[in-house]
Amino acid sequence: MMERKLTILYGSQSGTAQDLAEQIWRESKMYFFRGNVLPMGEYDVSELIGERFVVCVCSTYGQGEEPDNMKRFWKFLLRKSLPNDSLQQVHFAVLGLGDSRYPKFNYVAKKLHKRLLQLGGSALLPVGLCDDQHDLGYGAVFLPWINQLWDELGRIVPLSAGTHKLPESPREFRWQVDIANEGHITKNISPDGIDLYADLKMPNGFQTVVVENRRTTAAEHFQDVRMITFEKKAVPWCSGDVLYVRPHNSKDSVDQLFEIFHQHEFGLDKHTCVQVKAIDSEMPVPSILQKPLPLVAIAEQYWDLTAIPRARAFAVLAKNCSNELEREKLIEFSRYEGQEELFAYANRPRRTILEVLLDFPHATKSLTLEALFELFQPIKPRAFSIASAMESGKLQILVAVIEYKTKLSVPRRGLCSHWLKDLQPGNMVNAWVRKSTFQLPADNKTPLVMIGPGTGLAPFRGILQERELSETPTSAPLVLFFGCRSSTADFHCEEDLKRMEQSGMLQLFCAFSRDQPEKVYVQHLIKKESMLLKKLLIENGGYVLVSGSSKNMPQAVKEALIEAIGDAQHIEKMIQTNRYQEETWA
């Protein structure tokens with residue numbers, strides 16, 4: 001009988017690909033497979049030749065880039081010296097996570113699938129292309145894809161006679177969690193003194209201090225936008241690069257969690273110390289959780305208490321739920337057939353995991369420590385374009401504080417933006433810098449047309465500041481289309497932009513959408529500037545950089561540019577040759 005070993009590898013930038021890879025691993029146990037689930041960067045890629053079954057889950061971000069923890073793996077696979085039959089005994093499946101608004105939708109998964117075929121591997125099934133834009137999220141593709149995977153594997157390595165698929169995974173939980181001896185951590189250490197991520201070394205990581213946290217919008221304006229200045233560190237950055245931070249939950253969310261524990265008589269309080277232990281080598285404990293920790297540190301820095309729960313969370317809640325009604329509803333939400341109902345219950349109103357716990361008290365009552373580590377997703381890092389040049393001596397980001405209403409009575413709040421808003425000068429922050437997805441022209445004489453409404457201005461302010469402070473004055477035409485609601489309420493960096501305009505280094509076009517009876521957006525101004533844009537983009541080979549909200553703006557801008565230069569094919573060619581780039585966010 002063929003050995004039932006399935007290796008699951010993931011390339012994950014924000015943690016979602018890791019979540020899906022772990023779900024595949026958990027389900028594989030129902031079919032009696034064994035094997036590790038690992039980031040591609042931690043897998044010894046020379047062992048790939050000896051594998052029988054491999055599943056790769058990978059995300060694509062920016063302009064078709066692979067995640068950091070996949071780069072080494074990918075580089076190895078691209079070696080010219082690898083024979084075309086290297087992987088002839090490997091059966092593989094690739095699942096991609098992407099966003100169909102980007103021209104290079106799921107580019108990394110498609111490339112990986114193609115390369116594994118070139119090296120002689122056989123595909124178990126077509127590459128799965130999950131789309132963040134789908135109404136039902138990634139689950140719409142993932143759930144049918146994974147069912148097809150088990151069918152296909154069952155055909156190649158059927159279960160031996162008399163053995164049947166298990167009704168549920170015997171590895172319901174990743175780890176064992178015990179209450180630790182309090183002696184490790186005394187009550188009088190303030191939990192604030194514990195930094196879970198202190199020893200986690202990120203590439204280009206550093207600790208920095210908040211210097212200033214200034215509101216850039218008028219006090220009466222509905223939107224609070226912050227220019228946050230950090231102390232400049234030795235870690236270098238280039239204009240357009242991105243700063244990553246990992247936020248903490250608010251005190252209110254943490255208090256609410258312990259209130260839920262108290263109501264259900266869990267016997268857990270903020271000072272309860274827990275020790276997370278591996279059950280086996282297939283699912284190691286992350287380094288940050290390897291020592292005994294007070295629950296309050298985990299609740300504040302590790303569990304995302306504001307996350308919208310996925311299907312998996314409802315399966316965990318259903319597990320030991322004693323109430324029939326609650327259990328039925330939870331099981332429905334956890335199944336593929338119930339994804340539309342789940343979307344209406346959780347995603348549309350942006351219901352948080354804490355609110356779900358309040359909605360299902362019987363299920364919550366039966367939770368265990370192990371289940372809590374399955375239920376809560378880890379807090380994911382958040383990225384912000386750096387809004388200043390290295391030469392300025394300041395590291396700055398421009399942050400819109402997210403708060404909005406849904407049908408739920410309590411306003412929804414962005415976890416990271418509210419954490420950033422509350423930072424005070426002198427606060428320490430762990431951060432790291434990553435290369436921008438913008439690739440600027442090597443030649444400083446190439447014209448740049450930058451389009452950045454709202455906080456989309458951030459990377460362009462960095463680029464402009466760098467040009468302004470450089471030894472050699474810029475000779476390239478620099479054009480910025482900036483849009484906001486009002487010239488008096490939310491004109492970010494107004495002084496800088498006007499100074500650069502007056503010195504002649506920048507041509508500035510501002511759309512203040514609410515300053516006149518009819519609304520004016522950046523796309524309206526773009527259409528008006530057809531002479532200028534034809535000259536810069538067609539005659540002089542200029543670049544277009546678009547930054548800001550990914551909702552309707554990128555498409556409206558593209559249509560306006562096509563209208564302005566009167567040549568849709570030229571814009572398509574610019575996209576293909578990377579002279580038209582977008583960096584947008586939801």
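Cβ atoms here come from the backbone N, Cα and C positions, even for glycine.
In TrEMBL, annotation is done automatically, which means it is predicted and not curated.
Taken from TrEMBL, the feature FMN binding site applies to SER12, GLN13, SER14, GLY15, THR16, ALA17, SER59, THR60, TYR61, GLY62, ASP132. Look at TrEMBL and you will find ARG350, ARG382, ALA383, PHE384, SER385, GLY414, LEU415, CYS416, SER417, TRP585 tagged as FAD binding site. According to TrEMBL, the feature NADP(+) binding site maps to THR455, SER513, ARG514, LYS519, VAL520, TYR521, VAL522, GLN523. TrEMBL lists 6-150 with the feature domain 'Flavodoxin-like'. The feature domain 'FAD-binding FR-type' is assigned by TrEMBL to 203-441.
Per-site Cβ counts within 10 Å over the binding-site residues LEU415, VAL522 peak at VAL522. In this structure the alpha carbons, written CA, of VAL522 (NADP(+) binding site) and ASP132 (FMN binding site) are 26 Å apart. The two recorded residues, GLN523 (NADP(+) binding site) and LEU415 (FAD binding site), have Cα atoms 31 Å apart. Neighbour list (THR455 (NADP(+) binding site), Cβ cut-off 8 Å, at least 6 residues apart, same chain): VAL225, LEU398, VAL399, ALA400, HIS492, GLY548. Nearest by CA distance to SER513 (NADP(+) binding site), out of the binding-site residues THR16, SER59, TYR61, ALA383, SER385, is SER385. Taking the Cβ of SER513 (NADP(+) binding site) as centre and 10 Å as the limit, one finds 16 other Cβ atoms among all the protein chains shown. Cβ environment of TYR61 (FMN binding site): GLN13, PRO67, THR437 lie under 8 Å away, each six or more residues apart in the same chain. For the domain 'FAD-binding FR-type' (203-441), the model's average pLDDT works out to 94.
Across SER12, GLN13, SER14, GLY15, THR16, ALA17, SER59, THR60, TYR61, GLY62, ASP132, which the record gives as binding FMN, the greatest C-alpha separation is 16 Å. The Cβ of THR16 (FMN binding site) lies under 8 Å from the Cβ of SER59, LEU97, TYR138, each of which sits 6+ residues away along the same chain. In this structure the alpha carbons, written CA, of ARG514 (NADP(+) binding site) and SER385 (FAD binding site) are 26 Å apart. Closest to SER385 (FAD binding site) in space, going by CA atoms and restricting to the binding-site residues SER14, ASP132, VAL520, is SER14. A straight line from the CA of LYS519 (NADP(+) binding site) to the CA of SER417 (FAD binding site) spans 28 Å. For VAL520 (NADP(+) binding site), the same-chain residues 6+ apart in sequence whose C-beta sits under 8 angstroms from its C-beta are ALA511, PHE512, SER513. Of all the binding-site residues listed here (SER14, ASP132, TYR521), SER14 has the Cα closest to the Cα of SER417 (FAD binding site).
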